[in-house]
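Visitor: Quick one: structure below, then a few questions.
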Amino acid sequence: MVPGEVHMSDTPSGPHPIIPRTIRLAAIPILLCWLGFTVFVSVAVPPLEAIGETRAVAVAPDDAQSMRAMRRAGKVFNEFDSNSIAMVVLESDQPLGEKAHRYYDHLVDTLVLDQSHIQHIQDFWRDPLTAAGAVSADGKAAYVQLYLAGNMGEALANESVEAVRKIVANSTPPEGIRTYVTGPAALFADQIAAGDRSMKLITGLTFAVITVLLLLVYRSIATTLLILPMVFIGLGATRGTIAFLGYHGMVGLSTFVVNILTALAIAAGTDYAIFLVGRYQEARHIGQNREASFYTMYRGTANVILGSGLTIAGATYCLSFARLTLFHTMGPPLAIGMLVSVAAALTLAPAIIAIAGRFGLLDPKRRLKTRGWRRVGTAVVRWPGPILATSVALALVGLLALPGYRPGYNDRYYLRAGTPVNRGYAAADRHFGPARMNPEMLLVESDQDMRNPAGMLVIDKIAKEVLHVSGVERVQAITRPQGVPLEHASIPFQISMMGATQTMSLPYMRERMADMLTMSDEMLVAINSMEQMLDLVQQLNDVTHEMAATTREIKATTSELRDHLADIDDFVRPLRSYFYWEHHCFDIPLCSATRSLFDTLDGVDTLTDQLRALTDDMNKMEALTPQFLALLPPMITTMKTMRTMMLTMRSTISGVQDQMADMQDHATAMGQAFDTAKSGDSFYLPPEAFDNAEFQQGMKLFLSPNGKAVRFVISHESDPASTEGIDRIEAIRAATKDAIKATPLQGAKIYIGGTAATYQDIRDGTKYDILIVGIAAVCLVFIVMLMITQSLIASLVIVGTVLLSLGTAFGLSVLIWQHFVGLQVHWTIVAMSVIVLLAVGSDYNLLLVSRFKEEVGAGLKTGIIRAMAGTGAVVTSAGLVFAFTMASMAVSELRVIGQVGTTIGLGLLFDTLVVRSFMTPSIAALLGRWFWWPNMIHSRPTVPEAHTRQGARRIQPHLHRG
């Protein structure tokens, strides 16, 4: 940075070093080479912003738990292999109707065709089982979830978002339907777009600020116009180099890299130009000629610029030790960019000064003054204690705000409300919960097939346990696809449904009970008939007995008649034979009649035989009729008993039916209560449910093809990208573990991905990264300070004051942004601001301490005064330029960039105006010679008094007017 003091009363003599001599002699070729190099890297590859879009890197590392969870879910479901989620939201002022649904179906069918950008579509609205879960309660909005190619933040993911937006833009929604593309992936894509759009504005504003500051400092248009090309060319070379490396895949980029690299290149280039011009003008002011002034300038500034640049480059390279991809990829491009800026400051800027010096364009226009800073130095050495206490008190303003730091993770709040993604979020917020567009995915994978009633019981148990976690709004699973338990899936309801058939058959049963009364009446009629029959059978029995007796008498009479006729037949047989022998008997009437008489006599014999058979039958009938008569009384008694029993049974069943009806009413009420309450208690899914076509379709959404993995979609009640939302992830994990204890799924693998899970990995990774990167950067800065100052205590003071300045700056940023503006400080700010402030802040302190060391020969206190007088103006100017340059980033559309710039700007202002001006000098004054330990420094002057007075007269500020 600012050079050490040299004896400038005499023009340096002897051979000049080869590097400055070569630069002075070849100034024009060097300028042309830098111009050519800048033009080449600018036209050989696209602009840095375009390369940043194509080489954008993911936010979270591939080995993060959330990344592994999303990849695993995509693998077991054969759906996707990234963590990029986007939402397409449909909104209307009226409830969505059939036209909206047809448009939605057509849009989804069109999205399915783009398989290079869209890996999977979770289409809830089309499936009747899950449709209600994708539509808002007022029916005026619906959404579909897309899994895109590429991880969030990567170029492919951003390209996929643009592809989806193009499809949506080319669709023709019905009148009154508005369609938005939102979600985490769209949010990252819009961040990059916002950062790139703001880059030109930031750059233009930065150069405007620098121009104004240079004009105020030098009061010379010529000097300002000569410094600006140094910065412009150096900036172009730096950006072009990183763009070239990024284009060929040598470094990763992000919108943060592009913005911070540009700001650092402008600020550092301007600072180095101020140091060079200031040293050149100082040499010219004390009477050296232009050539000697050039060599004095280079000899006094080259080592400081090189040390400063290497410190910043080394500190920024420490970001490569981070695990988070966002930080890890920032290290190499920022470090390489700073090396290019340093190279330009050590070659290009001196070449321009050499060319301009030949025409006297950089000669000082007026006498330089140091009285103001000399008075500051005098006050510091006179009252070091009170000044140090006051400085610490000022630092406490920021330090006391640090405990209230609440990092912000939701990038939505760091973009303007009018960005496409925020319009989509706003539309979703009007109809859904605040976290519906940022869901979590819980995956439970086991070695058990869960496509059975037992598996469903465990799945619903997990869903209930997760739902009971504080802050969880709803859980979607196969047992609750719409976020509430399946309808009619409780044991009480199924019991009530079992009795429903009885309720339906109750009227029929009552009709049959009425039939039983009819049957009883009919049985009574039958009984009466049988009693009459008994009386008739009794009479029939008597008649039968008489008929049997008469038949036996007739048989006896007939037998006697046959015997007498037989006697007659025997007597007239010869005569009888004549009638049978006569051939013409039938022609003779008397013969024929007589023959018929004899045939009649033969019939008496037949009649006798038949009467004998009839007599046998009558005897049997006479025997059976009493038996039949004996059967009728028991039958009548039995029928009377049956009738009595039927009437009793009818009365009993009627009472039971009334009781069953009452019981069924209670069961139905209980089932309806469980169904209405949707509590999920007593959940049970019968086996026949698995044959339902809609349920089978739902299983494809929530269960893997082999049935051994189940996923849950979890929505938070509040912002998932918040400290509370992030803390909720471990609670969800613990609830899941508790739910599967002592179940067939015990020991199953649990994965959680999504917004809060991703930011949990980021938060945990940030803690590690800040620790590692911070320690590495502090150690690097301390080593550089130790090598340059060769004093352990001085190096510790430099590092300590820088750390104090860093804490104060961050606290002030928290105070301004979080408490005044009302926007939490983004989680990336700590790491990005720490590195820059460590490097730049230590450089300013190093400059001051180096000047202390040069002037210590005049005595400790006198040396401090002279160092303050000699460096105060130039360091203040450089610090203000750097601070305002970084603060110019506050105009960015991306408020994260604005917070980075304001945090670094506040730190540099505090470091320049308080730490370097009061705190470090007061500490040096208080410690005295111990400040230089282990070096031996005398408190008294060690140079002749004349030389001391001459040195006092030589002290002039390097650039600024007092």
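Including glycine, each Cβ sits where the backbone N, Cα and C put it.
Since the structure is predicted, the reported quantities are computational estimates derived from the model, not experimental observations.
I grabbed these lines from Swiss-Prot:
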| type | residues | note |
| --- | --- | --- |
| TRANSMEM | 25-45 | transmembrane segment |
| TRANSMEM | 201-223 | transmembrane segment |
| TRANSMEM | 225-247 | transmembrane segment |
| TRANSMEM | 256-276 | transmembrane segment |
| TRANSMEM | 302-322 | transmembrane segment |
| TRANSMEM | 335-355 | transmembrane segment |
| TRANSMEM | 383-403 | transmembrane segment |
| TRANSMEM | 768-788 | transmembrane segment |
| TRANSMEM | 796-816 | transmembrane segment |
| TRANSMEM | 820-840 | transmembrane segment |
| TRANSMEM | 867-887 | transmembrane segment |
| TRANSMEM | 895-915 | transmembrane segment |
Visitor: Determine which recorded stretch among 256-276, 302-322, 335-355, 796-816, 820-840 has the most C-beta pairs below 8 angstroms with the transmembrane segment (25-45).
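Guide: By the under-8 Å Cβ criterion, the transmembrane segment (25-45) pairs most with 335-355.
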Visitor: State, in range form, which of 201-223, 225-247, 302-322, 796-816, 867-887 has the highest count of Cβ pairs under 8 Å to the transmembrane segment (383-403).
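Guide: Maximum Cβ contact count belongs to 796-816.
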Visitor: Sort out for me which stretch, of 201-223, 225-247, 335-355, 768-788, 820-840, has the most Cβ pairs below 8 angstroms to the transmembrane segment (867-887).
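Guide: The stretch I would name here is 201-223.
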Visitor: Run the contact check on the transmembrane segment (895-915) against the transmembrane segment (335-355): 3 or more C-beta pairs under 8 Å, excluding pairs closer than 6 in sequence.
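Guide: Counting Cβ pairs under 8 Å (6 or more apart in sequence), the transmembrane segment (895-915) does not reach the transmembrane segment (335-355), since there are fewer than 3.
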Visitor: Are the transmembrane segment (335-355) and the transmembrane segment (796-816) close, by which I mean at least 3 Cβ pairs under 8 Å that are 6+ residues apart in sequence?
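Guide: With fewer than 3 qualifying Cβ pairs, these stretches do not touch.
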Visitor: Cβ pairs under 8 Å with the transmembrane segment (302-322): which stretch of 225-247, 768-788, 796-816, 820-840 has the most?
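Guide: Out of the listed stretches, 768-788 contacts the transmembrane segment (302-322) most.
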Visitor: Residue list, the transmembrane segment (796-816) vs rest of chain: Cβ under 8 Å, 6 or more residues beyond ends.
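Guide: Residues 394-395, 397-402, 404-405, 778, 781-782, 785, 789, 825, 829-830, 833-834, 837-838, 841-842, 845-846, 849, 899, 902-904, 906-908, 910-911, 914-915, 919-920, 923-924, 927, 931.
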